[in-house]
Every structure is written in C-alpha cells, then in structure tokens.
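**Student:** This is the structure I have questions about; it appears just below.
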Amino acid sequence: MSAKRRKVSSGNGAIKEASIQIQKPKTKPQPVTAPVEPSAVPNSEAESETIDDASGEESEEPAPKTFQDLGIVDSLCDACKELGWKKPTPIQQESIPLALQDRDIIGLAETGSGKTGAFALPILQALLDKPQPLFALVLAPTRELAAQIAQSFEALGSLISLRCALILGGLDMVQQAIALGKKPHVVVATPGRLLDHLEKTKGFSLRNLRYLVMDEADRLLDMDFGPILDKILKFLPRERRTFLFSATMSSKVESLQRACLRDPLKVSISSSKYQTVSTLVQNYVFIPHTHKDTYLIYLCNEFAGQTIIIFTRTVIETQRIAILLRTLGMGAIPLHGGLSQSARLGALNKFRAGSRDILVATDVAARGLDIPNVDCVLNLDLPGDSKTYVHRVGRTARAGRSGHAISFVTQYDLELWLRIEAALGTKLTEYSLEKDDVMVFRPRVEEAQRIAKTEIKALMDDRGKKGSVLKGGKGRKRGPPGSSRDHMDAEEG
C-alpha cells in the first residue's frame, strides 16, 4: 500500500544446460574501434587502449540508438523495454559492442550512468550462447549495491530463467551455501563473504567461471578490500573475461587492472573529476543554523508528492529527522549503518516501491545505489568534501532524467561550501524562497522537535547498555532477527 505524503497545512527463451539457438541480429554490430593487430598489442598489461566519449573520434558512424543496434538479442531487448530502458546510455553504447567482441574492459563513468546494464547485458547474452552454471561473478563494495545489482540481473534475466545468488555479509551463511549449491548462473557478492564461502563451503568452486566484474572498483580499494581481492583471484581461472567499472582511475585501480585484466580497452565517459550531469539543477539555501529543521520541512512541503533523499552527517541525526518528518505526517524512513542488514535492505525496498517517499540517509547511500526516479536531493548537512557532494547529488538526475539538489548552508558552512563550488568550477544560485513563508511552519516544527527528542532519548536509553551505535558504541556484531539492531527500525514497518 502506497503511503503518499500529504502537505503540512499553513524473445522468451529459457537458459538450459545445453546449447540454445538464438536469433542473431540482422545487422552485424559495428565495432567502436578497429581490432588491434598483434604488433600493436601493448607489451605490458598495464597499458590499455582508451575510448574517450568526449572526443568523438573513435568512429565515423552515428552512435547507436537502440540496444538492438548494439548487437543485443531480442529477448534481452524485450527485458530492457520491460525495465523502461528506452535507449542505451553513453557508457552502454561504448562498452557493450566491445564486450560482445570478447574483450576485457575498464569503464570509467560517473554514478548514475547505467554501468550495471553495460556489463549485465553482454554477460547474459554470452550465457545464452554458451550456458553453464557459475558463469559470472560480480563483486561490489557494499551490501546495498550488491543487492541492487542482483535485482537488475534478475529483472533482465526474467524472460530467460536466470538463476542469480546474492552473497552478503550479515545474512545467514548456511542459506547462502544452499543457494550456491543450486548452481546459479550469476553470483553477486561482497568480497569478504564470498571469500568465506570459497574457503569454507564444501563443493563451491569458481574454477569454470567465464566472467568477473568488479563494480565501483575505486571504492572496493578505498575500503581496503585489496588483500581480499588478491585471495579471491587465486580461486578464479585466468582464462576469463574481466570488466572493471569505476568512477575514477586512481593508482590503486591501475594496480588492480594490471593484476587481473588482459589487454583491456578503456572506455571513459567522465571528463571531469567533479562533473555533474547537465539535467541536474543545483541550488543552495543560506539559513541560520537554528532554523534548519524549519527550512527542511518547508522544502519537503514544496516537493510534496515527489521522491526525496535527505542526507545527514550522523546516525542519530538520521533517526531524529526521520521521526520529525513522520510526526508531521510525511512518509520518511531512515537508512544508516546502525541498522541491521535486513532493515537497511527493507528501507531501500520501501523507498523504491513508493511506500515511503522520503529517505533520510547517511553517506552509506551516497554512492553506487540505483534508486530510480529520485526527484530531489536535500543536503541537510554538507558533506566533508567535494567528491562526496558529487556522489550525493548523483542520486537524482540519473540516466537522462531531470533532478534537483538543494544544499543547506549555515553561517558555519561557508568555507566548506566555497570549496565545493570551487571544485565544481561554478557558482551555484540560491534557491528562491520567502522567509516569512518558511517561518509559518515554525510552531509545528518545534512541537515535532520535542517529540523527536523524546523518542530518540528513549531509543538511546533502551539500547545504551548494549553498546548502542546511537551512543557511540560499536554495537553487537551479530544478532538474530528481533535483536537490538532490528528494534531500531521497529516503527518503520
């Protein structure tokens, strides 16, 4: 049941373990770049050819306009239509033809550019040609991103009987071992839990793997997964195709490229480290710190009926704002690292499904998550750096859609805001509003603040003795359903 927010008043073949006859496209897809002659192959695997979307020099042919033009078979094109993918994004246009040529790929593109489709479609098409279990492995840095990728694979593979296993930390390992024992076609995993299964789960092997994908590779390495990735690579066959996708090309990513890719082609869509998409409208509001909540409620009221992500800096502030909004009749749900894994996935699913139209989040959701149709991002607390700002506002205006991002700047945030503007290379405009209109909400906001304060205190008192994340403790590493971490989200259902 959808809980809409009210304004505050004042080809259908199935994958079988045998050969499959697939209807090939009538027109052979044109390669984006000419095949590399043996004499032109780089001597070192560290080198790679680069295709820069900004140059427009890699092909004289017009850019493909449909997935069929890229060489994708009809059954997968139909799945794209079901998902509302009307035409390929730039990263998909550049990457898919190369992947269909059986090449390793490094894809560099900003968040929200359609990277999942860029690697999922070629993998599924190859699976249709030569079906086998444990065909592809996708590694992601966070549980939420892994869950999102698995959902995309399942949606794209819905017409071809795809089997996909999601392997995450924080969930039952025995149930995951059972799922792996059923020989899925695609495994989507976080690195730590996958390594646990490779080392401990009897009968589980990836020695016949055909495809490896590392999504958000820069973040995988920023989160110190490097040693775990090294161990995982030892369990994989060297004869495979590898796709590495990243927002940036750091020295760590280059080292990873040398370790696991063979003669890769580099596809670069991003032209600036701090680039945002042209369909994103960015503004700020300069406000007194003491009235942040009132301005927040005013803006949520202005965007009533639209989907909003509100970013805060701390777990406790995320909880407080969610309570504040719910008290005022708005469908808000929190997302932060203090929640159990099931509660975090539940929050994302409720927001995606539309049963909640406001997601209040820490930066756990600021990168990599594909949440479709987010209309507005509100930076209630400014991020600590420009890179995080770009990742936050990238939650809206995705895949060619329009979006709006508004940042709250108080008297204490001026220096930080100027640094963000400098990194963006532009002076953003102030969002137009009338202070008198905002202050009409103040009495109701103050009452809601008192209620939120009382609820937060009760929650902290209830959890404090158990190492509450809200009180700054580490919390418990594990716990059965119904334990303290799940209690934090009890009123979200």
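Note that Cβ sites are derived from N, Cα and C of the backbone, with glycine treated the same way.
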**Student:** Per Swiss-Prot, which of 65-93, 268-296, 384-412 is motif 'Q motif'?
**Tutor:** 65-93
**Student:** Taking DSSP states H, G and I as helix and E and B as strand, how many residues of the domain 'Helicase C-terminal' (291-439) are helix, strand and coil?
**Tutor:** 65 helix, 25 strand, 59 coil
**Student:** Mind giving me a neighbour count for Ala109 (ATP binding site)? Other Cβ atoms within 10 Å of its Cβ, every protein chain shown.
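**Tutor:** For Ala109 (ATP binding site), the count of other Cβ atoms within 10 Å is 23.
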**Student:** Enter the number of other CB atoms within 10 angstroms of the CB of Lys115 (ATP binding site).
**Tutor:** 28
**Student:** What counts of helix, strand and coil residues does DSSP assign across the motif 'Q motif' (65-93)?
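**Tutor:** In the motif 'Q motif' (65-93), the DSSP-based counts are 13 helix, 0 strand, 16 coil.
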**Student:** How many other Cβ atoms are found within 10 Å of the Cβ atom of Gly114 (ATP binding site), counting all protein chains shown?
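**Tutor:** Excluding its own Cβ, the number within 10 Å is 20.
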